[in-house]
Amino acid sequence: MFRPATRILLRAPGVAARGPVSRRLISTAPPDAKSRSWKSTIVRLGLAAGAVYYYNTSSVFAEQPSLSFLSKQSTPDSSDETQLPTIDSIKPRIREERQAESKAVSQPDAQPTQHEALSASEAALKSPQELEDEAGQEAAFNPETGEINWDCPCLGGMAHGPCGEEFKAAFSCFVYSTEEPKGMDCIDKFKGMQECFRRYPDVYGAELEDDDEADAAAATAAGVSEPSEQPASPTVSAPTAEIDASSDSEGKEGRAKDVHAQVKSEVAEKAEQAESDDLVPKAWHDTEGTKAQQTEK
């Protein structure tokens, strides 16, 4: 019933029977596994390529994570590189700022005096002819180009009004006149301009008032003055020479208007003086009357 152990050991085979061993590579599938089709291979390659593309282009992986050991290790290095300012490095900067403030306080007092000295010296060096040329350049007429700026504010916009053509003719005639005294050949054009002004009193009321005042002053001066043996030679002042070069543009525009009004009054006075020379003086009538009474007696 019980078999001895020695008998069992003798009956058991010493070496187990082994089948033939087949060799294969890691990449090759085992013989018991089914071979995959080419479609599954393409799908796997596509998924791998998509994962790589998403990893390279997505912003999720581009952001630095909030919890990172690399960021904690880099912060001590950056803090060591930055150096805090010391007292020795601040002292030179404080000295430079104080010196700059002291220079800024002293310079404004010296600059106005230098500017005033330069302006005074420039005004003293300029001759009356240079002052006249400068005034002409800033006024309506430019002697260098020989052109008239009809849009100049000093003309008061009269060149573009209803009498603009008459004003342009009279003003250009006076500017380009070569007669002595200047403007004697432009009397008729100035009279035509004044007649045009009288046709539009609403527009040229101020100019008409100036002309009336100039005519009244000329009439009173002609009535009071006695005729002399030699006719007085008319002189035309050069008002543009009186313009100060240091005045601003507004002052020069106002002076240009005064010059224009003065020229008109002088032309009117010359015309009335030429007419008064042909008239018989009042003293001659008185002497003739006394002579006639004496002859009758």
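Cβ from N, Cα, C; glycine included.
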From the list Cys163, Cys186, Swiss-Prot names as the disulphide partner of Cys173 the residue Cys186
The residue range that Swiss-Prot labels motif 'Cx9C motif 1', out of 9-19, 53-63, 152-162, 163-173, is 163-173
The motif 'Cx9C motif 2' (186-196) resolves under DSSP into 11 helix, 0 strand, 0 coil
